[in-house]
Each structure stands twice: as structure tokens, then as C-alpha cells.
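Taking it in order: structure first as C-alpha cells, then the write-up.
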Amino acid sequence: MTDLILFGVLPYIAVTVAVCGSVYRYAVDRYSLSSQSSQFLESRTLFWGTVPWHYTIVPILLAHLLAFLFPAAWGTLLGRPLRLYLLEISGMALGLVAGVAMVVFLVRRAGNPRIGAVTTVIDWVLLAVLLLQVATGVYIAVTLRWGSLWYLHTTTPWLWSLVQLDPQVSYMAVMPAIVKVHAVNAFFLLALVPFSRLIHMISVPLAYLGRSAQVVVWYRR
Amino acid sequence: MNIRAQVSSVFHLDKCIGCHTCSIACKNLWTDRKGVEYMWWNNVETKPGTGYPTQWEDQEKYHGGWEKNGRRLQLRLGGRGGLLGNIFHNPRLPTMDDYYEPFTYRYGELISAPAGNDQPTARPVSMISGRPMEIQAGPNWDDDLSGSGIYAANDPGVLHLSPEQQAQMFAVERLVMFYLPRICNHCLNAACVAGCPSGAIYKRGKDGIVLINQDKCRGWRMCVSACPYKKTYYGWATGKSEKCVLCYPRLEAGEAPACFHSCVGRIRYLGVLLYDADRIETATMQDDKDLVAAQRQIILDPFDPQVQAEARKAGIPEQVVEAAQRSPVYLFVKKWQIALPLHPEFRTLPMLFYVPPLLPVVSEEHLGTQRLVDDYFTTLENARLPVQYLAGLFAGGNTEEIKAVYRKLMAVRIQRRRITVGDVSESEVAKARELGKVSAEEIEAIFRMTALTSIKQRIVIPPMLREQAIEAGMDPERYKQEMGFGSRRPPKRRW
């Protein structure tokens with residue numbers, strides 16, 4: 001029953017909240033969309049948090065996403081032991097760096113009174129949830145070896161069953177507790193997107209690469 | 001030809017008394033909120049001095065503005081990919097310590113302190129953390145501190161001078177300073193616009209005012225670094241960048257911007273200029289020393305019938321062309337050529353121009369400057385304020401531009417001296433006019449525009465055609481139900 005709620009119901013709630021919340025916030029309160037950067041108040045420590053964090057978490061997130069979207073290609077990629085080792089090792093390294101970056105974030109936010117002035121409750125919640133996610137992720141990678149392979153036969157089918165509106169909870173029910181925590185926490189994070197600074201993910205400014213340098217706006221033309 | 005209109009300004013530095021009234025008017029109107037206390041959209045600096053934020057002119061440090069990269073112009077911050085790569089941590093972002101930490105005092109303690117033998121004091125506290133703090137800096141911390149080894153000596157413009165010139169500027173008897181009021185230049189080739197990853201910053205087509213769309217801004221902070229004048233600011237509480245809006249709601253109501261209106265020395269002139277947008281690129285690609293002339297060239301004569309015809313074709317209303325004909329900015333910048341842009345070498349084509357200060361140069365010659373016309377003009381290099389310093393500020397290092405302005409301004413002085421005091425001979429006046437390349441009538445016009453104008457002549461606001469903005473941007477039915485314009489949500493972090 002618990003498994004059904006956690007892996008069969010919660011994901012739908014989380015996705016609904018994330019999508020509806022983000023759309024609502026974008027449509028009604030666009031002014032509030034911001035990276036909420038605190039670099040202006042403190043730059044030096046932030047460098048050791050934000051740069052490692054973003055450059056490690058984005059590839060990790062992409063790997064999770066690719067293995068879900070293209071399991072066949074992912075399986076082929078990991079078909080040779082050497083490639084598997086390389087990917088696992090780099091994944092672990094990235095995860096460790098992300099964890100360190102998260103600690104830097106926490107220490108900075110707790111220790112600097114200037115940063116304290118721009119910190120809200122949801123910022124703390126988000127940091128805690130992210131730290132838990134990174135910690136469980138690294139722990140899984142280290143203890144439950146070759147996660148990049150078993151992910152293909154457990155998580156990927158479970159996620160696809162969710163997509164097909166036919167949740168196969170059994171895939172997750174047999175997993176160790178730590179993996180369950182990781183999966184549930186991931187959907188909780190997703191649900192947090194519209195209520196936290198995570199919302200800045202929906203405004204990745206890739207259009208900048210293609211637009212003209214100057215922007216002129218006319219009343220009518 | 002692609003004619004556009006630009007609301008532009010001239011600040012006459014000889015008239016600035018450094019009273020900061022403009023800054024206060026602006027602060028009370030726009031930046032009197034949490035998170036923007038440290039912002040001074042209008043600030044007044046003492047030159048030589050380090051300015052606000054500290055050493056903002058030093059682009060080795062801040063990487064603001066543009067640079068020539070082969071045949072292309074590129075932001076000094078780097079190419080677009082590189083800029084996005086730095087989006088998580090902008091290495092060129094000035095921090096609060098480069099400006100100053102805003103402070104207030106615990107005034108309440110003056111009356112709530114218990115009875116005792118000591119005088120109660122109001123402790124300074126940070127307006128960010130609320131904790132007691134030691135005040136280290138302010139927005140005009142180096143006010144009047146010319147000659148200071150900490151401030152004036154670290155002025156990036158001074159650091160570029162030769163050791164002899166530096167020594168000359170810091171000799172006790174020759175200490176010199178002037179004030180430099182600064183607002184956003186509303187550039188034609190704005191670096192903040194080009195650097196904004198979200199595309200939130202834009203130039204208004206009708207009047208050229210550069211604004212940040214607050215709903216589009218995502219707080220990526222690149223505009224702050226890209227603007228070489230450091231006139232976009234990051235609002236630390238809201239996570240949005242803000243900048244001078246040239247008081248466009250006032251302009252649209254036919255009122256002068258607050259800083260212009262409140263200017264005690266009446267140094268500020270505002271008017272519309274017509275320019276050719278097709279030539280912006282060429283103008284920005286010139287060598288440093290030719291930038292002033294190139295910028296002057298793209299400004300068009302509103303009396304020229306061909307220009308008028310092109311303006312009509314481009315959809316510029318007749319009233320705007322008419323306003324351009326009455327524009328004092330056109331006179332100062334194009335006709336008389338005595339107003340120059342600030343740091344043209346940043347290549348943003350700033351549309352705020354300055355008449356360089358003459359006073360320190362004149363006072364070099366004590367005992368009757370007008371008697372020393374020949375000496376004066378031959379010794380400009382040895383003037384109390386080195387011409388090279390001014391050329392570094394206003395002419396991309398081209399001393400000839402500065403000298404031409406000074407010769408003209410001196411001719412005005414000398415001719416007026418003959419009229420009001422009468423101790424200068426006509427031949428001396430004629431010689432000054434010849435050197436200054438200026439006619440007697442022009443001198444009278446410059447004199448009148450400098451000293452005897454009313455606010456209506458100094459500030460010529462073109463019709464802003466607000467009615468068109470409403471038509472285009474909103475459903476009138478919906479607009480009817482609203483109470484006034486603008487955002488009715490407080491600028492606060494809500495999520």
C-alpha cells in the first residue's frame with residue numbers, strides 16, 4: 001500500500017503540482033521568476049559552491065534523463081566494461097563534487113549575515129532536500145554497484161509505466177530503502193520547483209545564442 | 001538611411017556645483033526601497049577620484065563595454081557562449097563592497113537609552129543584515145578629495161597619465177577637481193542590452209530610452225558587468241536588475257526628469273536628436289581617437305529637408321522633428337561641438353554629453369587670463385588639469401577634440417569679457433574667435449544657452465505619444481478597468 005502511494009500516486013501529484021504551479025507562476029506572477037542570485041552580496045565563497053554544483057548536477061541529471069528516454073542506446077553505450085567503468089567513476093566523482101558544493105552552499109548561507117538577509121524558509125528546505133538527494137545518490141553509486149545498468153531494468157520501466165498511466169509499482173517495491181528514498185525525494189524536488197528558486201530552471205536563456213545584439217521595442221510598427 | 005529619435009542630454013560641467021540635489025531627487029523617487037538602497041541611478045562624482053562603484057572606469061577589472069575583435073565588435077565580457085558559461089558565477093560582477101554597504105543608524109536609542117552618565121549614541125547598522133557595522137564607504141565617499149593618495153591617485157584616468165603629469169596634478173598649489181554627475185547614458189549601442197541573456201533589456205523605438213523589462217529579467221547579472229558605466233544595478237532583495245528610466249513616466253506627462261528638474265546649477269539640458277541607425281556599426285568600429293567625430297556624424301540635421309523627408313518615411317511624427325529643431329542638445333553636440341560623450345572608447349555610443357569644465361584651466365593663469373591669450377592657448381598641455389586627463393574622459397584620448405572645445409569656450413569668455421568689462425581689445429577678441437573657429441553671433445548664442453535660459457529652452461521634451469503605447473500594448477476594454485498605470489504589486493520576493 002505504501003509502495004503504491006509512494007511510487008504509483010505521488011509521482012503524478014508531483015508532476016501535476018510542478019507543471020500547474022510553474023504555469024501559474026509564469027502566467028500570473030512572472031515578476032517573481034529569478035535566479036535569486038546572492039553573488040552580489042558574497043562572491044568568493046559562492047564561486048566554490050555554484051560553479052562545481054551546476055557543472056556537476058546538470059550532467060548527472062542529463063544522465064538520469066537519457067537513461068530513461070533512450071534505454072536502448074544507453075545500454076549499448078555501457079555494453080563494454082571499460083565504458084561502464086569510466087561512466088560509473090565519472091558519475092561518482094561528479095556526485096561527490098556536487099555534495100561538496102552543497103556543503104559549501106549550506107555553510108555560506110548559515111555563516112554569512114548578508115546572505116542570511118536574503119534567505120527564506122523555502123531556501124533552507126530546498127538545500128536540505130537537495131543535500132539528501134545528492135547524499136543518497138552518491139551512497140547508492142558507491143554501495144549498489146553498476147547503478148547505471150540496473151537503472152535500465154528497474155527505474156526506466158517504472159518511469160515508462162508511469163508515463164503510460166499504468167504504474168508498475170513492483171519495480172520499485174523490491175528496491176533497497178535507500179533507492180526508494182532517492183526516488184521519492186526526486187519527485188518531491190520536482191514538486192518544489194514552482195515554490196522555490198528552482199523555478200529558474202525553466203528560464204535557461206538559450207535563445208540568447210541566436211538573438212540580435214540590440215533589442216528595440218516599438219509602440220506599433 | 002534609417003532615422004530614429006533619441007532623447008539625449010547635455011551636462012554643463014562648468015556649472016555643476018556638486019550639491020547632489022539631483023541624486024537625492026532621484027533617490028526619493030525611485031530607489032527608496034529595500035534591496036535598492038545602495039543604487040544611485042544618478043550620482044555625482046569628484047574627478048579626479050575613484051568614483052562609484054570604485055574604479056568603475058577600469059575595464060581591465062570589470063570588462064565592461066565593447067572591444068574590436070577583428071572586423072567585429074564584441075562585448076569585453078566575451079562571446080555569447082562564454083558569457084552563458086559564466087552564468088552561474090559571473091567573474092566580473094562588482095559586489096556590494098565595490099559600491100558600499102548601505103547603512104542607517106539606531107536613532108531610537110537616542111531617546112530609549114536609560115538614564116546614565118554617558119551621552120546616548122545612535123549606532124550605525126547595516127541595512128542588509130541589520131547588524132551594527134563600521135561604515136567603510138558611501139556613494140560619494142571621495143567627495144572633494146582631489147589630491148588624496150587613496151582616492152584621486154587611484155582614479156583610472158590618473159593612472160594612465162605620465163608620472164610628470166601625475167606629479168603636476170598632485171602638487172599642493174595646483175590641486176584641481178571638478179564634479180561629474182552621471183546617469184544612464186541611454187546608449188545607441190548599449191552593452192547592457194547586448195549582454196542580457198534573457199533579452200529583458202530593450203531600447204524604446206520612439207525615444208531611445210533603455211529599460212529593463214522586470215517581468216523578463218531573471219537576475220543573470222550580466223548587464224551589470226556589461227555596462228561599462230556601471231549604470232545597471234542588481235537588486236539584491238528582489239533578484240531583479242534595475243536602472244535609470246530617464247523618468248519616462250514624467251517625460252510622458254511633459255515633465256523634466258527629476259534630476260533635471262531639481263538641478264540647482266541648471267547644468268542639465270535635454271532634447272531629442274535624430275540619428276541614422278544604419279551607421280551605428282560603422283561609428284563604433286572607428287579608432288579610439290576618431291570615435292567622437294564618428295558619433296557626431298551619425299547625428300542628423302533636423303533642418304535638412306532630406307533628413308525631414310527620411311524622418312517622415314521612418315514614421316517619426318512631425319512634432320518630434322520640430323522638437324529636434326529646438327533641441328539644445330543638438331546645438332551643444334553638433335552645431336557648436338562643445339559637448340562630448342563620456343568615455344567614447346567603451347564604444348556604446350553614449351547619448352549623454354558633457355561640456356568639459358573650463359574653470360580649472362582658466363585659473364591656471366592668475367592675474368587676468370584675458371591678457372594672456374597667446375600663452376593660454378600654447379600652454380594648454382601644461383594646464384592645471386592636464387588635457388590628456390580630460391581627453392581620456394571625453395575624447396578617447398584625442399587631445400585635439402578637447403583643445404578645440406576649450407578654444408571655443410575661451411573665445412566665449414573673452415568676447416563676453418569685452419562686452420561686460422571692456423578691458424579686452426577687439427583684435428584680441430577677433431583672434432580668440434579665429435582660434436576657436438566660432439563667429440561673434442555663435443558666441444552670443446552659446447552664452448545665452450549657457451547662462452540665460454529658462455527651463456523651457458533647456459529642457460525640450462518631445463511628445464511621447466503615450467496614447468499609442470496604450471493602444472498597441474493593451475486591450476482598451478481591459479485598460480479601462482485598471483487604476484492607473486504600472487505594476488500594482490510591491491517589488492518584493494514572494495516565493
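Every residue, even glycine, has its Cβ placed from backbone N, Cα and C.
As given in TrEMBL:
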type: BINDING; residues: A:His54, A:His64, A:His182, A:His200; note: heme b binding site
type: DOMAIN; residues: A:4-218; note: domain 'NarG-like'
type: TRANSMEM; residues: A:6-24; note: transmembrane segment
type: TRANSMEM; residues: A:45-70; note: transmembrane segment
type: TRANSMEM; residues: A:82-106; note: transmembrane segment
type: TRANSMEM; residues: A:118-142; note: transmembrane segment
type: TRANSMEM; residues: A:169-193; note: transmembrane segment
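Here the features listed in TrEMBL are painted onto the structure.
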| residue | record | DSSP (3 states) |
| --- | --- | --- |
| A:His54 | heme b binding site | helix |
| A:His64 | heme b binding site | helix |
| A:His182 | heme b binding site | helix |
| A:His200 | heme b binding site | helix |
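Proximity to chain B (Cβ-Cβ distance under 8 Å) holds for the following binding-site residues out of A:His54, A:His64, A:His182, A:His200: A:His54, A:His200. Two recorded stretches are said to be in contact when at least 3 C-beta pairs lie under 8 angstroms, sequence spacing 6 or more; the transmembrane segment (A:45-70) and the transmembrane segment (A:82-106) meet this definition. Sorting the binding-site residues A:His54, A:His64, A:His182, A:His200 by the number of other Cβ atoms within 10 Å puts A:His182 first. Spread of the heme b binding residues is 23 Å (greatest Cα-Cα distance among A:His54, A:His64, A:His182, A:His200).
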